[in-house]
Amino acid sequence: MTVLSNTLTFIMAGGVGSRLAPLTMHRAKPAVPFGGQYRIIDFTLSNCLHSGLRQVLVLTQYKSLSMQKHLRDGWGIYNPDLGEYIMDVPPQMRTGDSWYAGTADAIYQNHDLIRNSGAKMVVVLSGDHIYRMDYTQMIHEHLSRGADVTIACMEVGIDDARAFGVMSIDRHHRVYEFNEKPTEPQPSVDRPDQALVSMGVYVFSAETLFRELIRDHADASSSHDFGKDLIPRMIDNYRVIGHPMQDACHGQDACQSDACQSTVQPYWRDVGTIDSYYIANMDLLKTHPPLDLYCQDWPVRKYDVAAPPAMICDDPSGRPGVVSQTLLSNGVRVCGANVEHCVISPNVQFERGANVHDSVLFHDVTVGQNAILRNCIVDKRVQIPAGETIGVDPDRDARRFYVSPAGIVVVPSGYVFAERMTNSVGTARRYVHSTSRAIGQSHLKLKPVVVDSETQ
């Protein structure tokens, strides 16, 4: 058997993602749309596909229906007759009556799957990061160095490092220190403005992992998390190796496609907040994007919505639709509207005179005549009324929506504007704030108000 056929992969996809609310009100964080036609988890799954990992278990928990549907519709490509699978695994409660209590506990509750598979190595991945990476190179280094656990890592700004596990490695890549989310990150030796952080990508020797999971489960003081508990405890007792991402990234140095404009600098983003999520989407619109979706050597697979091609057309008066520096998906119609520097998901409609800049629009959104949108994210199935303005008046926006610290306005899924509540039939949910100010909050508490509407 080959090395990869002896490798079992777990993808963590059950997180609440509270810092990404309200986009995670109805879905798990890895299921949030990204880049128009993708879900966040598509990047990790595509890395598995291209790296030859064919036994993949996606651990789901929080509001998992959207994720389960996406895996069914977009990722049923492996061949079970060859022992290949991508399978979602919600908590089976074989080891007790509790839900997954942490990343390590999620694996522990499924340790029987490791035993039954006969795997010699276990790859553990986060399903909520945006990056390209060849895991094969990391697995080979794990074997060649005789490691018990190998951790993918990269340098980030010292201030950003506070949100991650910060590592220190010697010249042989041996990890000798690991601190989860420290208030004062240890800077890199040769770059004091940078710190080396864990990417949440691990390769374990199966027996070592199995032994440590049992030990962690028995520890009542543990939070049952890889970064907080398992990894720091293993450093003194096992051979723990750091694997710099530049050794396994898939960028311009690897992709020889004429269409690929990726930079050599590794690209990895934890899109855990509204601002980081928005910036990562805007990165895709750069003339030379740090993560190029058009790289033909390492394509990111997705579920293709059954919709006609995008169309840019004149309105009935002859005013042309104008689109620039924008990603358009299937089913989009721009009729006499202006759309600039945006990421647009399938089946979005722009009516005449609409003016939308620097925004991210999810599926099935309609932007009414002469509406103005700036610096906003609009979740699914929202109808923007004619003449509406979003991202123009900060005080008005904050009274209605979540506004991020950087000023990004988020319109939640299914939001119904007051202008659409008259002469309506049926029912819909309108989401309103439980507080009048939302700027700078880490997440927003929204309460549903049932109203009459013709749209839902």
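Just so you know, glycine gets a Cβ as well, placed from its N, Cα and C.
All TrEMBL annotations are machine predictions without curation.
Worth saying up front: this structure is predicted, and the values here are computed from it rather than measured.
The alpha-D-glucose 1-phosphate binding site feature in TrEMBL is assigned to Y100, G165, E180, K181, S198. Mapped onto three states, the DSSP output places E180 (alpha-D-glucose 1-phosphate binding site) in strand. Sequence-distant neighbours of E180 (alpha-D-glucose 1-phosphate binding site): residues of the same chain at least 6 apart with a C-beta under 8 Å from its C-beta are G165, V166, D225, G227, K228, P232.
Here TrEMBL flags 10-286 as domain 'Nucleotidyl transferase'.
Of all the Cβ atoms in the protein chains shown, 14 others lie within 10 Å of the Cβ of K181 (alpha-D-glucose 1-phosphate binding site). Sequence-distant contacts (6 or more apart, same chain, Cβ under 8 Å) of Y100 (alpha-D-glucose 1-phosphate binding site) comprise G14, L59, Q61, P91, A106, Q109. Across the annotated binding residues for alpha-D-glucose 1-phosphate (Y100, G165, E180, K181, S198), the two most widely spaced Cα atoms sit 22 Å apart.
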